[in-house]
Amino acid sequence: MEKLLWCLLITISFSQAFGHEDMSKQAFVFPGVSATAYVSLEAESKKPLEAFTVCLYAHADVSRSFSIFSYATKTSFNEILLFWTRGQGFSIAVGGPEILFSASEIPEVPTHICATWESATGIVELWLDGKPRVRKSLQKGYIVGTNASIILGQEQDSYGGGFDANQSLVGDIGDVNMWDFVLSPEQINAVYVGRVFSPNVLNWRALKYETHGDVFIKPQLWPLTDCCES
């Protein structure tokens with residue numbers, strides 16, 4: 001009986017550290033500047049990517065630059081990076097090189113962000129609250145690597161680490177979904193209003209994650225929706 005109870009305690013502890021759950025209407029909250037607060041995510045798909053779409057909500061309260069979404073491999077720490085640079089705007093990196101979408105200031109309200117890229121053309125898209133920015137091109141012919149370390153709240157300057165508090169997010173992140181293809185404009189707008197098209201890399205409704213440091217799970221602050229998954 002004692003051995004059974006010990007095994008049960010280990011199982012409970014493991015399930016709390018490595019969640020795999022429906023995060024609907026919840027958000028990760030990063031309440032302060034830190035080099036130790038972050039969330040690591042485990043991808044459902046382990047294969048190389050010839051295209052991707054990442055969508056999420058972000059609500060930040062910092063006047064400096066910060067990381068929004070960091071996807072590192074052992075050969076490229078900025079394999080995929082979504083980053084806000086103060087006074088410049090949003091940048092999207094693929095395989096190291098990055099491209100900038102100009103903006104004078106970060107929105108003060110929760111913002112829905114979608115970033116897409118495809119290897120065949122190198123076309124990069126950035127959507128903010130269902131509205132597209134001008135398309136740009138980056139890393140045509142590149143293939144995004146496997147065995148990724150995916151981090152929310154920090155930028156990785158090494159695989160799974162190398163964090164800098166001056167690049168940390170202070171605020172909320174939620175509704176994080178990722179696909180291994182480029183969503184159509186109609187699909188991106190549908191995701192913005194609450195529908196989800198079977199994410200096959202990261203799925204907010206069946207998320208594998210681990211929190212580190214002062215990160216909390218709280219109800220989301222952006223509009224609630226009751227749309228069903230397609």
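Positions of Cβ are set from backbone N, Cα and C atoms, glycine also.
Disulfide connectivity taken from Swiss-Prot links Cys55 to one of Cys114, Cys227, namely Cys114. Cβ environment of Gln167 (Ca(2+) 2 binding site): Ser65, Phe66, Ser67, Gln154, Glu155 lie under 8 Å away, each six or more residues apart in the same chain. For Gln156 (Ca(2+) 1 binding site) paired with Asn147 (N-linked glycosylation site), the C-alpha to C-alpha distance reads 15 Å. Shown are the recorded positions Asn78, Asn147, Gln156; the one with the most C-beta atoms within 10 angstroms of its own C-beta is Gln156. The two recorded residues, Asn78 (Ca(2+) 1 binding site) and Asn147 (N-linked glycosylation site), have Cα atoms 13 Å apart. Asp157 (Ca(2+) 1 binding site) sits 16 Å from Asn147 (N-linked glycosylation site), counting Cα to Cα.
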